[in-house]
Amino acid sequence: MAQEKRKPFKGKKLHKDLRDYKNQEIKRSLVHRARLRKSYFKLLEKEGIPAGQEYPGLASAAEEDPRKGARDDRHAKTDGSSDDEKQLNFAERAKLARERKEQKREDELRRVQERRQKIEQSQKDREKKKLSLQQRTRRGQPVMGPKISDLLDKIRHNG
């Protein structure tokens, strides 16, 4: 036994106050983000790009990719519209939102009604099946016909 004395495991300490732990985690993440941001801006300055200016490679990349260019053209058309059209578009959007909400509500109502009808129908079927299986002869013996037909239906349904 070469290792008689083992050192206790020194992992992360358990925090007794979870609020303090959460505050420490938030501070740690904020400091980390600030360091990343600072190093990024230093890197931009080394390349000769001012910190406030957009990266020039992004504009050329959009011109090379036709899908991105089409998306930019679409946004440019909507940005050039007048205030009246924007208000009209807002009214139209509100109307469409109301219609969608109404349609969604109607669909939900229809689904609930269908589900209720299915439940009622299945309850009626169960009651009918129960009555047929409980039939008795004059002497009190169970009638076997409905039981056998029920078993055959189960076999057909499952197999």
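Any Cβ shown, glycine's included, is placed from N, Cα and C.
Bear in mind that the values here come from a model prediction, so they are computed numbers and not experimental data.
Annotation comment: TrEMBL describes 1-27 (among others) as region 'Disordered'.
TrEMBL lists 7-16 with the feature compositional bias 'Basic residues'.
Sequence annotations record features per position, and here TrEMBL assigns compositional bias 'Basic and acidic residues' to 17-27 (among others).
Residues annotated as region 'Disordered' in TrEMBL: 46-159 (among others).
Among the features that TrEMBL reports, compositional bias 'Basic and acidic residues' is placed at 64-130 (among others).
The compositional bias 'Basic and acidic residues' feature in TrEMBL is assigned to 150-159 (among others). Across the compositional bias 'Basic and acidic residues' (150-159), DSSP classifies residues as 9 helix, 0 strand, 1 coil.
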Run through the compositional bias 'Basic and acidic residues' (17-27) and tell me, per DSSP, how many residues are helix, strand and coil. 10 helix, 0 strand, 1 coil
